[in-house]
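Trainee: Below, the features straight out of TrEMBL:
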REPEAT    89-116  repeat 'ARM'
REPEAT    308-354  repeat 'ARM'
Amino acid sequence: MDSLCETLQKLKLTAAEGGVDNLERDLDGLLKALAHSNAEASEKIQESGILKVFLDLLAPQSSCAPKVANIIAEIAKNEFMRSPCVDAGLIPPLVQLLHCKDQEILLQTGRALGNICYDSHILQAQLIGMGVIPTLVKLLGIHSQNAALTEMCLVAFGNLAELESSKEQFASTNIAEELASLFRKQAEHEKKEMIFEVLAPLAENDTIKLQLVDAGLVECLLDVVRQTVDSNKDEDIAELKTASDLMVLLLLGDESMQKLFDGGKGSVFQQVLSWVPSHNHQLQLAGALAIANFARNDGNCIHMVDAGIVQLLLDLLDRHVEDGNVTVQHAALSALRNLAIPVVNKSKMLSAGVSDEVLKFLKSEMPPVQFKLLGTLRMLIDTQADAADQLGKNAKLVGRLVEWCEAKDHAGVMGESNRLLSALIRHSKSKDVIRTIIHAGGVKHLVTMATSEHVIMQNEALVALGLIAALDLGSAEKELEGASLVPILHRLLSDDLSAPEIKYNSMILICAVMGSEPLHKEVQGLTFLDVISKLRSHENKTVAHQASLTEQRLTVQS
């Protein structure tokens, strides 16, 4: 290391004197020392104070610039050297060097900046602020034949694209065209993988999604799928997954999705549909997720149901009933749920046997599958009285719902179970359904649901409880009393924060339970008249009117 100290001393002197040949020799000496023992040599470089000397040597006209940038790249491999490089002010002159035409300078400069800013979002954000993204995109276009420079740009893009602040800058460049063009030229798996690593974070941005679709990336992805679908090689399996996952991600943007759907005639849409009956689980998954993404507006959903896509999904689910792939089950149920949203689709899907197929997954112990199963059934029975009546009398289904209403570890499943219980009553308005739910012990869960933090769930619960009280109060009164319904209603009416519809439906329910002697006594034991008389002056006219009617009813029956 003594020779290194001498080299550093000489370098300082030579830099001051400006002898180019000697400078080149001394810089070569530093590079050799770093190659021999990077960490130790880097420490000596830091102690010597030579970093400040590098500032002048990084000038664009300096013939030493590539070697100095190379040295900075090498020392910045060490975490302890990154801050000293920043403190020495090396970032601005390095950024300036990115405008050079010399490919060696560009390569070493990119390496140096990448290593200094490695794993530092603050420094990466600083680079973005200095405009490196448009510069690097331009470089990629100009030097796409230079493998080392291309790789440097891709590594930089991969790091910078992780920052949300980079997306807007990337979107203002022609990055989509450059990456799609580069991807088409690649034959090697590793090179494609590098491009994928840049595309994934970039494709999270909706503007860039559309740019990538316009640049023809989707056709590249479909080619990858065709080339790898029948291969057993690990690298091909990985490439198939990455390509199909990226395809699904591109469909998450409304504009990019609609462009590829193309009124249901899009060739991409048709090819993605062909993935669903595939023997490959990854393609089945991607196909089902793609359908779920295409099914994000009523027009698309109606077209897909009329085109017979429901049967594709039912056949897929049927292949995964026994010990099936959970992610495929989840994706197919997600697609069916979305397709069931338009009112005109519900009866068609029920006629196609969707509810029967979905019920086969009641035995699933996987919360994600349970959650989608519940959501699909809830969407299907919305406004469909016959279906709600049939499902609501299914003791096995109702028993499972009551069980899941207690799934405290899975809030989504618990919430959806409560909502489906309520929906079965609200859409069927059936005494038989109400009795099935009372018998299964579901009433207490509806009472608890009335205290939910979500107004929509509170309201659904109160309407269902109102129907129970109107249609079969005698059978339900013990459960309603045991679940403390009356005190809960008192609390909802007393709370200034309760929404108008909650107050309105709570008063409707109070009137309905007055026909039960034990519940009537509970009402009399609490200060309902005081609370309701205040609501007569409520700013919402519907609430105020119902308060007058409720007050009259309570006064008559007190």
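Cβ from N, Cα, C; glycine included.
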Trainee: Can you count helix, strand and coil residues in the repeat 'ARM' (89-116) using DSSP?
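Mentor: Counting residues per DSSP class in the repeat 'ARM' (89-116), I get 21 helix, 0 strand, 7 coil.
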Trainee: Over the repeat 'ARM' (89-116), what is the model's average pLDDT?
Mentor: 93
Trainee: Counting by DSSP, what is the helix, strand and coil composition of the repeat 'ARM' (308-354)?
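Mentor: So the counts come to 34 helix, 0 strand, 13 coil.
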